[in-house]
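Read the structure below first, then the notes.
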Amino acid sequence: MLIDHYIMDFMSITPDRLSGASLHLIKAGGKRLRPLITLLTARMLGGLEAEARAIPLAASIETAHTFSLIHDDIMDRDEVRRGVPTTHVVYGDDWAILAGDTLHAAAFKMIADSREWGMSHEQAYRAFKVLSEAAIQISRGQAYDMLFEETWDVDVADYLNMVRLKTGALIEAAARIGAVAAGAGSEIEKMMGEVGMNAGIAFQIRDDILGVIGDPKVTGKPVYNDLRRGKKTLLVIYAVKKAGRREIVDLIGPKASEDDLKRAASIIVDSGALDYAESRARFYVERARDILSRVPAVDAESKELLNLLLDYIVERVK
């Protein structure tokens, strides 16, 4: 993908170990959902020229996403992502932290460099502001996610607020920045941001589902990771708070055995939490689709591809 080449060229820096750590997860693969949303939004609203201008902006979104993954993996002590050992497992915590910091800075440098790709000063400023806001929201979301591991005083509203920040904010930014690249006005930018936010919430709910029933060989991540960390996913909250299956409280967390986690997963499925989560994911995808239908398109094919991407979000198996 063109975005990958851009990032790899950009991050071809010395020392080699820093470059290697920074690009470890990029080279491992991934969905590239966020930069794809940026590029499709730019083309939908401004045609092929806008899409070409958006390449460094789309790369900045993926670079920021990769930075957040590296740091999240350190905090969660996750050992596998995208089917390979995580960055801190391969390079150690110190190098992984440094790689994340470097990617974070690189994401904003890419936006500055977008001026050389035909972006105006105002467009670059708007994109910079959007990503800056998203970066703060992501950190807030991660903070809530960590705090929720320490308590059971978490309800669906708390969960949704956390997800809007941790996952929704960057996908919202991806869509808004695509609109900025196309030269769209503030109202269209806002509407595309709402498309991205709702898609992001659905994406995270689907992630929660795959954390319970996903195949590790397909997802590239160990199953039950969220349960092992004691994370308050939508499924866990529903099973405990809505279905009254409080035995889950004693079956998840860092001290839980593999049998405990399997039993917790079985209880979650039996409680109806899986069906509930799937229905909520579809609700947010349909909300995104409704908003998207009201956005005028210069390129109809790109709009259709965005609609297909919404389908993928709730149907994906990894």
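Including glycine, each Cβ sits where the backbone N, Cα and C put it.
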Residue from His5, His65, His71, His104 that Swiss-Prot also lists as binding isopentenyl diphosphate with Lys31, Arg34, Arg82: His65
Local backbone state of Lys31 (isopentenyl diphosphate binding site), from DSSP in three classes: coil
Between Asp72 (Mg(2+) 2 binding site) and Lys166 (all-trans-polyprenyl diphosphate binding site): CA-CA distance (Å): 11
